[in-house]
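Just dropping this structure here.
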Amino acid sequence: MFMKGKHSDAVVGFQMDNFETRQNKTELVMRSQDDLMKPHKDEDGEKQYSIRYLFLDYCEYTSGHGPPRILASKQLIRKIYWLVLFVAALAVSLWQISSLFKKFEARPLATHVSLKHETSLDFPVITICNFNSVKLSSLYEIPEELRADIETRVEELKKSAENYCTVKRSVFCVISLSSGVGAGPKRRKRATQGGPTSEPQLDSQMSEEEEEGFEDPDALDSDYRSREELTMIMAQFDPVDLIPYGHSFEDLVISCTYRGISCRNFSRSYWSNYWHYAYGNCFVFNGNDLSGKRNHRALKSNKPGPSQGLVLELNIQQGEYLGAFTEQAGVKIDISNQGEMPFPREEGLSAAPGFETSIGMRKVEINRKDPFNNGRCSQSTSLDDANLYKQRFNVGYSATSCKESCLAFNQRRECKCMEYRFPRPPNPTPICNILNKQTVKCLSRLQLAYKRNELNCTKSCPPPCRENLFKLTSSFASWPSDAYQYFYSTRLEEKEIEFSNIENQTSDVRSNVLKLNIFYEELNYEVIREERSYELVNFVSDLGGSLAHSSKVNCKQDPKKRMTSSKPGKPSKAITKIKEWNRGNIAGKAKPRVFFVSVYNLVPRSHSVTGNPKGILERLDAGEVVIGDGGYLFALEKRGYLKAGPYTPECVIEFPDAVRQLHREFLRSGSDCLQALTFYGSGDKLGNRGSDAAEKYGVEAINDQACKLAREVANEREALVIGGVSPSPTFMNGLGREACIANFKEQVDVFVKNDVDLLLGETFFHCQEAEYATEACKTSGKPVATCICVASLKTDYSGIPMEECAVRLANAGADIIGVNCISGPFECLEAIKLLKKGLEEAAIKRHLMIQPLGFHIPDGLPCGYFQTADFPFALEPRTVTRWDIHKFARKAYDLGVRFIGGCCGFEAYHIRAIAEELRDERGGKLPPASEKHGLWGSALKQHTLPWLRARARREYWENHVPATGRPYSCAFSSQQPHYDLIPGHEDFRQQKEMTTEEEVKQLATRK
């Protein structure tokens, strides 16, 4: 017998014997097994269950298909067959579970790359070092003892110095050579160590040692040997005392500007300095004082581009170079984070004289994960107190400074000395003489052990868990140009800057000067984040799937007995009867446990248990009228749930009931779509001008909650849900396409996660930004609608005609194109005509939509209601009536618009007016609110006053012209100052801080 159950649009069908026959068969099976399953009583009369009984009971009730088959089989061969299958499935399941557990136990990581945007970024620390450490003119100012070492060990330097004095014939040279007079650095106790007294016990292979950079001293090049000797000699002195003998800030820096502001003054606000073992005086811009006496507040960069960064003009003074010691001419540039130790020799870039070097930066934020909490990365931001760089410069943690200090301590322990490149510890430590074979051998062995990680430096100095890096792009141009060189030379002469070489001959400007531009290329930055890719929830999910699969791997189902459901709906009467039969509620009271139907599995997963509603494009393609909802921002602000000014939607978290109720009012008034309150829900807007919503709640949380509230109410009447993106400060800051799309994508990802039915880009003043929003929304794979605002009803705010805007949005991928906001209903209709014209001329078919204000804005102002003196707190006299909306809805329909809704100022009764006006086009469908309303004032028939009963007719309200009630008000608003909406203009820059009172006064007085 074939039974069929029906409920609304659901049909459930299955084939089975009649209930009496099935019941009798089950009773026979139960009686045949009664003796096997019957519990027996012991001497005390208590029930005792045998192992056999428990096993059979398990086989009967288990969800696995193997044991019941083993129990039900009559022949031994069948029992063995099912037993083998069951054991095999169990073995596979155990193997899978073991593999899954090993995977979970390994805690694998996945790397996620995303793009974020900030309104401003901390400008990094810039370190500038001249390649030449000691000025030639300062050589004979050094004390006689040190000068004797230099002359003895570095003959080439001595010759260069003698030539200098021979040519200059200065009085100071004569005095210093004869008497050694000169305020030189105070020399420490002589501490050049020849080598350890005993060999350190480190395994090594000499072939590898030779690769570590410590060569046989006898095989060294003479020039290299001279340079190393001088460096070792200089390293014996206190770095602070050596500073006067290097290139000074005033000599090096000709010009300095940051964001157009002069920074040439060597003040602690911008600059600090320290002595570098190879380069002498190094100057640090925007960094902490490396003496450890002062912390510096980092400068901010609010815009990308060379003019918004650091611009330096430098004089390297090649005439002061030590000929045999300094091979290169130019400067070293190191770019590092605040608080980190700069390493210009190891990590810096080089810039040559005669060129303008532009260095563009892109910030990269790396977030590492330590899944086992075993120190894979360092959570600490400070170095250990014993660290040499911490002791000397008071810097924060970096893997390089930690490892270098670790190597230095091992050198001191094993070789009884330290390389000259390391800071000197408080207790005197000899400097390693790398010209001594014993010392070189020790250092080579130690370096090899360091390379093999036998010193434990790598493990004890892991990379930071959170680290900021900079991707650098360099470009070069000849500078100054031939035409500019004369004027530049004149300017230098005015500053009394001269260039001369050792023979007192005038040197070429290009041999001495260079220009540096260091700036952010973009304010968006890349975030590389490690996350555990296999959490406990994944393991439990896979474990359940594995068990379910193994328990059913040996199951074969008879197609004739398969129950099907062609449509979703409630369970049929047949299913209900089967459930009752299984519970023993029909005649016979038998309780067979063989047959069970899960009604839940018959209901497909959809937005509503009553069925999956038609999609938006399916409805529009069929010519249906789709009614949107009204305005949320103004309605919630008037009710005290949302702040005017930022108009950001954190109220979805703070006051969900208020948002839920407003959704419900629109739904009851006839809305087919509910728009999630995500307007101004982008990260840049949520953190703009004093708003703390982004930090307090987060972009994802706000947008996610908004979508869930809309879906919850939409499911009450099978309405669709819309997720919307809106204008963002990113575009107005002129940050470009990639930054805008990344900003929109942050919201789009949340919409996709919540499975919204339509993605909407709305209220865009510029067609270009609307295109960016459309591109971002199209990545979702869902239908996309894009609405633009109109300037003077004919163009966008960049001057692009509405006809062209329509074509560009269609080419960008918009399925639905329309206008919304800033203008009243009848003004927006004029813009719709232009959009429609543009599409028709380009032979492009797209659906049209319109969502105007609930206010009359006939003033024709470029910025619509934003530019009226009434915005936003005195717009009520401009409110449209429900009868205005009747006329508007009819005209919109006649223009071919099939998606009709409202924006700011549109209340629920306005939405109801659209539904009532177009009821015939919608198959006579009226919203539930009409029950308490009556069409065209018909409910007034029940009024007591006769003149009001006389108004219960369409003709009265259709031709009525309402009064404002304000006899002294002008017809139009006073004209307000106009601000051109130009991307990148200072008026629209994004900033985290709230507008100050002084800034408000300046804006108020602008003409």
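Cβ coordinates are placed from backbone N, Cα and C, and glycine is handled just like the others.
Take a look at what TrEMBL says about it:
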- Cys821, Cys903, Cys904: Zn(2+) binding site (BINDING)
- 206-221: compositional bias 'Acidic residues' (COMPBIAS)
- 180-221: region 'Disordered' (REGION)
- 80-98: transmembrane segment (TRANSMEM)
For Cys903 (Zn(2+) binding site), write down the residues of its own chain that are at least 6 apart in sequence and whose Cβ falls under 8 Å from its Cβ; none is a fine answer.
Gly630, Gly631, Glu762, Thr763, Asn820, Cys821, Gln851, Pro852, Leu853, Gly854
Counting across all protein chains shown, how many other Cβ atoms sit within 10 Å of the Cβ of Cys904 (Zn(2+) binding site)?
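I get 26 for this one.
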List the residues in the vicinity of the Zn(2+) site, defined as same-chain residues other than Cys821, Cys903, Cys904 with C-beta within 8 angstroms of the site's C-beta centre.
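Leaving out the recorded residues gives Gly631, Thr763, Asn820, Ile822, Gln851, Pro852, Leu853, Gly854, Gly902, Gly905, Phe906.
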Using all protein chains in view, find how many other C-beta atoms are within 10 Å of the C-beta of Cys821 (Zn(2+) binding site).
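The Cβ of Cys821 (Zn(2+) binding site) has 26 Cβ neighbours within 10 Å.
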So, three-state DSSP: helix, strand or coil for Cys903 (Zn(2+) binding site)?
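Coil, per DSSP.
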